[in-house]
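Q: Starting off with a structure, shown below.
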Amino acid sequence: MGIREFPGGAPRGKSIAVGMRRSPDVSPRRLSDISPQLRQLKYLVVDEAIKEDLKWSRSVEDLTSGPVGLTSIEERILRITGYYGYQPWAASYKREERPRDSPGPAEAQAPAGAEAGGRTSPHCWRCSRAQLKKMFWGVAVVLCVCSSWAGSTQLAKLTFRKFDAPFTLTWFATNWNFLFFPLYYVGHICKSEEKQSVRQRYRECCRFFGDNGLTLKVFFTKAAPFGVLWTLTNYLYLHAIKKVNTTDVSVLFCCNKAFVFLLSWIVLRDRFMGVRIVAAILAIAGIVMMTYADGFHSHSVIGIALVVGSASMSALYKVLFKLLLGSAKFGEAALFLSILGVFNIFFITCIPVILYFTKVEYWSSFDDIPWGNLCGFSVLLLTFNIVLNFGIAVTYPTLMSAGIVLSVPVNAVVDHYTSKIVFNGVRVIAIIIIGLGFLLLLLPEEWDVWLIKLLTRLKVRKKEETAEGGADLGSGPQSKNRRARPSFAR
């Protein structure tokens, strides 16, 4: 209903002083004319920081403000709610100071990035292009992780046909870790504006180990244990490839994500998440079903135990790294991995030599060693670790983890054509269960909040569409003409 104006300038009824003079270009409107604005104000969320000011403005401002005047229904609603940037609690705010060509509510409802004619502003376009670029790099990283991990697994299986020495292969591939820091420094020279010398960059990265840098004590207490865990992880994984097919090995190694969560929850006191407990249960159930698929034969049971041990060592490596060293930047991570290569060269080299002379891992001559397979496996494993450690600079970590899961079907296809693997129902269900558990572990910590917000938004949108549909059916041509007018008469 409208508000009548009297010569005295005050409306009949309550004698309340209004904090603003009536704008000459705004005429009183009926409440039905602003129904779209009222529907939007229904779902308005007010910032927490101004709630107290809003309470004050609703109860006191009308009695203490300036000259008496009359406002329209729209302006009164905007004053009460502070909508569209209207701030009645600011004493310096004047109606005359607002530019006459400021956008009305109908224009303010449009997205912030939208301009006249439906075009998008350059800033939002840049954001969209940046996100699109990050997704493109994410696809490339996923393909690289998947191909390098599956390729290294298949190449290791092929190598063992001529070179039955898993520990020697592990030692040979780990030596290539020495290249991490040199490759990082090359990237630093190519992309960084402040180019540092090798010594300067090395000293800066050494601060990761403490104020004294990389001392002999730090090397043996903070680097050597991780070198042992690294060697055990790779050795157990390669030894398992000799016992079972590559599909089972790759899918069982995905359980390391569940082990990381369990250890982090126990050791690091990370946040408890029910969905991750479910994922861990699925991983354990998948391991049992995978063992049952082969009939609990000793050969397969040993292979499954080896790959589960490899996943456990990998999880222990990650949790201890976070506990003892925390998070590392790219240069610090590259230096740490290079130090593991140095540790492997100086302190692990004696083990392959002992295995050779004890004829545990014996080969007749060096000419019989398939150097191409060894070097190919080492390059693929190095590529996998580089992308996994530094791919976060160009894409999302979740996408990189998804590449490990995608390697499972790749290995399954290769095994189907190159070996006598039997994909019975139990094996397929075990693969699906472990894969599902791995994907559940990739959910962010706030996934439930995001899901509730999404469902609430969909519910609100459905209500709005239902209300608008009912208004269109009952209003007729007159209401259509009325809605076609702008919110403010100019």
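Placed from the backbone N, Cα and C atoms, the Cβ positions cover glycine too.
Predicted, not measured: the structure shown is a model, and the values here were computed from it.
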Q: According to TrEMBL, which stretch among 1-31, 187-217 corresponds to the feature region 'Disordered'?
A: 1-31
Q: Would you kindly check 299-321, 333-357, 394-414 and say which stretch has the most C-beta pairs under 8 angstroms to the transmembrane segment (168-187)?
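A: Out of the listed stretches, 333-357 contacts the transmembrane segment (168-187) most.
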Q: Do the transmembrane segment (208-230) and the transmembrane segment (426-443) share at least 3 Cβ pairs closer than 8 Å, excluding pairs fewer than 6 residues apart in sequence?
A: no
Q: Return yes if the transmembrane segment (426-443) and the transmembrane segment (250-268) have at least 3 CB pairs under 8 Å (sequence gap of 6 or more), otherwise no.
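A: Yes, the stretches contact each other.
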Q: Which one of these stretches, 135-156, 299-321, 333-357, 394-414, has the most C-beta pairs shorter than 8 Å to the transmembrane segment (250-268)?
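A: Ranked by Cβ pairs under 8 Å, first place goes to 299-321.
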Q: What else in the chain is close to the transmembrane segment (135-156), if you only count residues 6 or more beyond its ends and a Cβ gap under 8 Å?
A: 169, 238, 241, 246, 249-250, 373, 376-377, 380-381, 383-384, 387-388, 391, 394-396, 399-400, 402-404, 406-407, 410-411, 414
Q: At a C-beta cut-off of under 8 Å, are there same-chain residues at least 6 beyond the transmembrane segment (333-357) that contact it? List them, or none.
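A: Residues 165, 167-168, 171, 174-184, 202, 205-206, 208, 214, 219, 223-224, 226-227, 230-231, 325, 363, 385, 389-390 contact the transmembrane segment (333-357) from elsewhere in the chain.
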